[in-house]
Amino acid sequence: MRVESGSAQERGILLESLATLLEKTTASHEGPASGNRGLTDLLPPEVCSLLNPAAIYANNEISLRDVEVYGFDYDYTLAQYADALHPEIFSAARDILIEHYKYPEGIRKYDYNPSFAIRGLHYDIQKSLLMKIDAFHYVQLGTAYRGLQPVPDEEVIALYGGTQHIPLYQMSGFYGKGPSIKQFMDIFSLPEMALLSCVVDYFLGHSLEFDQAHLYKDVTDAIRDVHVKGLMYQWIEQDMEKYILRGDETFAVLSRLVAHGKQLFLITNSPFSFVDKGMRHMVGPDWRQLFDVVIVQADKPSFFTDRRKPFRKLDEKGSLQWDRITRLEKGKIYRQGNLFDFLRLTEWRGPRVLYFGDHLYSDLADLMLRHGWRTGAIIPELEREIRIINTEQYMHSLTWQQALTGLLERMQTYQDAESRQVLAAWMKERQELRCITKALFNAQFGSIFRTFHNPTYFSRRLVRFSDLYMASLSCLLNYRVDFTFYPRRTPLQHEAPLWMDQLCTGCMKTPFLGDMAHIR
């Protein structure tokens, strides 16, 4: 079918619109002396201040008035940890690889780079490829790394049979683990990804042959050893002021809920001695009186699916008791167990329970999909990403990308030589802007929530497994205990004929690019 070129008058209107926008963009870079506010004219004055890093964002409508019982994970939920913990984990696991797994001494030269990886990335074990995948299972080109080096887009496409698409059977399963691809979902995985990339980089740089699966397993085992041997617990216990953040805010959240008659429980995989010291630091020696049930070493996510493990009571010294558990008592500590016995003994069921955790799979997925609990995801990265979204640089870049995209969509009907030349220039500029916007978040992988335009696979799971998400538990202090959260009505594509005139930033209002309206 031949594409009609359209009238010269219509094309003239488009080019005039572009000229107007280019003048504004140029003026915005010349500063206030030009007497023209530039691209800022395209934005309502309040748009950059709409996003609040301390806000709670809703994927599903939920009224806290209906919530009677609040549950919590411990690590990165009740206890927020400083980033200073990550280089400690990295260095300890690196040394374990060298000293216990007999990896080359040269690996010791690598230090932790906090700016390398982001949460939610996928790792193809057989290809030693760390990459970012969108909600539709496509690799975002420019975000695939082998070791510490980027892999050319052409090679990535060739590795997957001439496509950027990763088939469903290869993708991570329900808990983020597929047959050959692993998704890194928790915050503790940041040093793991960094170490994995450094070790691969060393082997490739020294032309050493290695089995990809063995290397991956050794690195993950070394990271696991840091936790199993209690090294991480020791560091935190020795300097809680350094590693634990917002402890006073955690105390305020728990005290406020109890004061309003809410019941609280804790389910964590961490051991009692570690949790007890951390809670004493944040809340005080009587912290257990705030909770109706406390469960440690729960072994999530199997806690939610395996009916076989019984609850065991711990005495005041943390020693196991042998008596059969017929009820869960306030002030007592229990180990292991399973959710089915928990539900039977507490009768806490359905949407009157709201559980908070940081791991979308291990903490939230089963509770929402299988048991109908309401769920809240703690996403510490959200605070930094929102602050970036609120910057003038980001808003200008995104606005111009949207403007170019709209012009490209309309202009593609014109097939003469001049129009094709203009289209090519716009495509090039649009791609450059995308890369600039990506680098604002992370030079290698960009935002954890978006590829260039699509949601990431991480975002897809976040929306699926959480009713609410927020940067920290302290965000609850900004809302009444009977507050109702309403998700914003996000237009479907067929509901948004003016999609090019909308800013995809999550703002509460949809800015309208008035200067472009006449070309639609």
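One-based numbering along the chain as shown.
Heads up, the Cβ atoms here are built off N, Cα and C, so glycines get one too.
As recorded in TrEMBL, the features of this protein are as follows:
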- Asp73: active site, nucleophile (ACT_SITE)
- Asp75: active site, proton donor (ACT_SITE)
- Asp73, Asp358: Mg(2+) binding site (BINDING)
- Asp75: GMP binding site (BINDING)
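Asp75 (active site, proton donor) sits 8 Å from Asp358 (Mg(2+) binding site), counting Cα to Cα. Sequence-distant contacts of Asp73 (active site, nucleophile), defined by Cβ-Cβ distance under 8 angstroms and a gap of at least six in the same chain, are Leu266, Ile267, Thr268, Lys300, Tyr355, Phe356, Gly357, Asp358, His359, Asp363, Ile378. Neighbour density for the residue listed as 'active site, proton donor': within 10 A of its CB lie 22 other CB atoms from the protein chains shown.
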